[in-house]
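This report concerns only the one structure given below.
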Amino acid sequence: MLRSDVRRVAAGRKASLDGLYCEELEVRGNRNLGNKFSHRGELRSSTESEVFDDGTNTFFWRAHTLTVLFILTCSLGYVTLLEETPQDTAYNAKRGIIASILVFLCFGVTQAKDGPFSRPHPAYWRFWLCVSVVYELFLIFILFQTVHDGRQFMKFIDPKLGVPLPERDYGGNCLIYDPGNKTDPYHNLWDKMDGFVPAHFLGWYIKTLMIRDWWMCMIISVMFEFLEYSLEHQLPNFSECWWDHWIMDVLVCNGFGIYCGMKTLEWLSMKPYKWQGLWNIPTYRGKMKRIAFQFTPYSWVKFEWKPASSLRRWLAVCGIIFVFLLAELNTFYLKFVLWMPPEHYLVLLRLVFFVNVGGVAMREIYDFMDDLKFHKKLGQQAWMVAAITVTEFLIVVKYDPYTITLPLPFYVTQCWILGIVLVLTWTVWRFFIRDITLRYKEIRQQKQHRNEEEKSHRNGDVNSEKDTNKHKKH
């Protein structure tokens, strides 16, 4: 009886322990699922929001690889077997290229690796990654054409392209109040109130959400205005009035966009991130709210760039600013060398493209710079954005080397040389001279501390010897 009782007690204790262990595993699994996108170690816990997720995995979140493959196969079979091929070579070439791109996009959306973002759906960001690959291949193709063939190839996309742009008058009368115009003295100001004003505001609002730092946004905004001043002898549309540069652009449009962006960042960093499955919410109002929040981030990471903390972070931040400015300049130079008017839909599509890939690229760059333990290589979208920016610049260099090599005015060159020298001087002082000086002082203080400790030990030994001698005499 005693042995059987002992066995029962042991079996009951084992079952209870197994139950507790399974419960703990379940809690850990839910916790890991909820923190799938936000957990990056203890070092980033202060900048990362806490996420609670009930782990619901519905039809919306599944891969659907077989479904996409079936639809794609049926579509290709329909075109092959039931549709008669037209005898138009140009039309067939366009349709074949578009079909090839669509097949690649279907493969990428279902099979490519997920990025750091999961809202509104991971497939959305995989789609834009594949679009960036297609765009880079298109740029490489344009790069390997002659200047004439490349410009005429744009007619293949839109017959209205491939024509030299008409010359326009920029700058002109810069008086805010024109007393010579009796009917409307403020006509110069009203002329600037066009569609580019909300475009500037919206652009910098989105850039602030990408960069998530007020200082970096302001530096990029101000530096681009300096670049416009410096390069207005190359591109006429850079020639603007002083108040258009500093009041309309920097203060009003860019500044207000950055301000609204920072307020949105504050809200995103403070809001709770609690996710429930749609069918687990009892009320219709809660369901509608959940659908709306599907278009907000799954979790939030506050970017702390800290450029002065180390040489690596300083060079990374300088590189980010440089690539940002180069991408901004490419917008204007590509329009100029490929003969695309500013209002063309391809220009707008390029901006929409960078809006969607820029945020992912910035997050991947920040993770690579800030968290090498979990991110040992640069992210795929950041790699593609860097390659696209460089390729666009190479197209500009090849298609119009004369314009881009026009020498800067002497006073502009002096200003840029002075600025570069100041930045290099500060870099050498901050990360070399200052660090060496601080290290030397620290070593010197350590040596002094050791000498003082050795002296105190020696004095203690001498005093102890004297005490022992006194005791011996007594």
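Using the three backbone atoms N, Cα and C, a Cβ is placed for every residue, glycine included.
Taking the topological domains listed in Swiss-Prot, TYR91 lies across the membrane from PRO122. Of the given residue ranges 63-83, 210-230, Swiss-Prot assigns the label transmembrane segment to 63-83. Residues 128, 131-132, 135, 142, 150-151, 154, 157-158, 161-165, 203, 206, 235, 237, 327, 385, 395-396, 399-400, 403 of the same chain lie 6+ residues outside the transmembrane segment (336-356) yet bring a C-beta within less than 8 angstroms of a C-beta in it.
Here the listed stretches are 97-117, 127-147, 314-334, 377-397, 404-424, and the one with the most C-beta pairs under 8 angstroms to the transmembrane segment (63-83) is 97-117. Among the listed stretches 97-117, 314-334, 377-397, the one sharing the most Cβ pairs under 8 Å with the transmembrane segment (127-147) is 377-397. Taken through DSSP, the topological domain 'Lumenal' (118-126) splits into 5 helix, 0 strand, 4 coil. Shown for the topological domain 'Lumenal' (398-403): DSSP residue counts in helix, strand and coil, namely 5 helix, 0 strand, 1 coil.
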